[in-house]
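Asks: According to TrEMBL, the protein has these features:
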DOMAIN    26-101  domain 'Gelsolin-like'
DOMAIN    142-213  domain 'Gelsolin-like'
REGION    219-238  region 'Disordered'
DOMAIN    260-333  domain 'Gelsolin-like'
DOMAIN    401-479  domain 'Gelsolin-like'
DOMAIN    520-586  domain 'Gelsolin-like'
DOMAIN    624-696  domain 'Gelsolin-like'
Amino acid sequence: MASHKEFQTAGKEPGLQVWRVEKMDLKPVPKQHYGNFYNGDAYILLYTTRGLSYNIHIWLGEESTVDEQGGAAVFATQLDNFLGGSPVQFREVQGNESLTFSGYFKSGIKYKKGGVASGFQHAETNEMNEKRLLHVKGRRVIKATEVDLSWSSFNKGDCFIIDLGKDIYHWCGSDCNHFERMKASQVAIHIRDNERRGRAKLHMINEGEEPDAVINVLGPKPNIPAGEDDDESTDRANKSKGSLYLISDAAGSMKTTLVAQSSPFKQEMLSPSECYILDNGADKKIFVWKGPDANKSEREAALKVADHFIKQKNYPKNTQIQVMAAAGENTLFKQFFSNWKDKYQTTGPGKAYTIGSIAKVEQIPFDSSKLHNKPDMAAQHCMVDDGSGKVQIWRVEGGDKTPVDPSNYGQFYGGDCYLVLYTYKSGGREQHIIYTWQGLKCSKDELGASAYLTVQLDDSMGGSPVQVRVTQGQEPAHLVSLFKEKPLVIHLGGTSRKGGQTQAGSTRLFHIRQSSTKATRAVEVEPSAASLNTNDVFVLKSPDAMFLWRGEGATEEEMTAAKHVESLLRGNATQVAESKEPAGFWSALGGKKEYQTSKSLQRMVKPPRLFGCSNKTGRLIAEEVPGDFTQMDLATDDIMILDTWDQIFLWIGNEANEAEKKGCVKIAEDYVNTDPSGRRNIPIITIKQGAEPPTFTGWFHAWDPKMWDTNPWERITL
């Protein structure tokens, strides 16, 4: 089968690539428009992991034509063949995208009206004359849909973005809470920083506080109706059921035959010489598994057979389809099998490898979910290159920017703000990114100055740079990669200015961890034994001694990074192995305490999953958090369920209501008892916000116990 010329660059580097189907041809979508989809179009997306395994997604807008949908299917098959038949294929329909797909766009998916047939382009412009209204929905999966620019589109229960090009107004209805506001603000910030490259001004307005600029566009404001309850109820017992079918063309036409009526299944049911459909239609999901020895016609017809199966079963048109080759199975598929075992599954600390034609991937403690089918930081933040370009850094000081000595590059202090200018070449042209890093302990004046100086620097370069605002602790992988073999070192407070604002603590502890993109961070944390983690390396400096502590699951790369931190702290550290600590080590940390020693955290056969339980719609429902979760995903007005496979955590937010507190235990019990893998009777641990044990916090990198002392929504909008 022939392949499109666009595929010559496909899958060469980790990250996301997006194309739109235009008049039966493929055109690349500019990176700053990733996450924007026209409802009249069809798209092809390719996500490539660090280990060069692949996910192919067909995305179909609700107004796309049959020809565009057919063209997308043809291109997806060509791309699959070009990549050796190993990718997992997904068919995504507007409004019912998979969590894998949604995880690529943590700042939200934006649906725009029109399409290529209407002359709408993903143009590389700043769109400063834009006029549109986006309706933002979702607490976990954020989706922004373009609606009529009229007061009739508004309601009190949701957030809306009034995008006027140079000014972006984030409007919040009187009935929406601060967590929904924070999630919607991520969409508005993404538009400002990416589509407008930081050149638009963002305004946060509440219902009843609309400025003249908004009234001039929308007209006199009428009474706004209450929000609608349009979320779907979650029936866990029903959604977890699956049936298994054999696909055969023995009679000359593709047919399906029932193999097993109900999950859990046995892995032995899958013959390597056959193809199968796993029917999870009750949850709007269909999986197709392609055996390595199945005949070519069965393998190539997989997507078409699944589409026919959906019609035959009268399932909704937006039912998701996932097609995967043997050895490319994702977590959602494997959970329907009670005895699933991967070829190189590990049983303790060490290395794990994928199989087939996929390159081997070194296991990374805690973050190994990214080696499977969840998106990693590279996809979420567009790893434009390997960080080998030119770097210049300034510190915000006295309303101006002061150059940072290159010998101090890679060290950020919580009391400072920094501007990082990165220059690289792409397509023969010089490209620029401005990272604006804002410490959690910097002053409001410095925050304001950092925003102003960023625009000033952007203007001096003709408005061409991409601008990325970064809050301490949320550094994208590409920023971390700029410091080559050195880790990015983040000091809890203080400043790099001479005669700094605050004195560093007499006892300091740095948590060192390498991500799936091979970028390493050393983050200063609370000097307490509870901060330790068996999978990582820590450097402890006290007035009397310095220790380099190695957890059982730590890597050599993390040890190398720790030695760099040791040199920065000007000491000679004593290396200490976990379980062989001297008394002076525990004494420096204030005594022994329980810390994260989870064996499953070391093994990571199953990646952790985070769900939010909420009755904000009038009934109690559970939604999974897509992509790689962070502490910011814990909604303080909800109950969260963290599934770490051998135990379940119920995290109770301080603002959760009584109905949620009472109902969440049953949801957790039902979640376990209806698990399609047959998992039963595992511990359910209830914990409260502000009193999290290390067995919980250890699943979150550089947990900040003081994060909720201030309102995260106020911080994210600065």
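A Cβ is built for glycine as well, from the same backbone N, Cα and C atoms used for every other residue.
Heads up, TrEMBL stuff is auto-annotated, nobody curated it.
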Asks: Would you mind splitting the domain 'Gelsolin-like' (624-696) into helix, strand and coil residue counts from DSSP?
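Replies: For the domain 'Gelsolin-like' (624-696), the helix, strand and coil counts are 22 helix, 16 strand, 35 coil.
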Asks: Averaged over the domain 'Gelsolin-like' (142-213), what pLDDT does the prediction give?
Replies: 89
Asks: Which residue counts does DSSP yield for the domain 'Gelsolin-like' (520-586) in the helix, strand and coil classes, in that order?
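Replies: For that range the per-state counts are 20 helix, 21 strand, 26 coil.
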Asks: Per DSSP, what is the helix/strand/coil residue tally across the domain 'Gelsolin-like' (26-101)?
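Replies: Tallying H, G and I as helix, E and B as strand, the rest coil: 23 helix, 26 strand, 27 coil.
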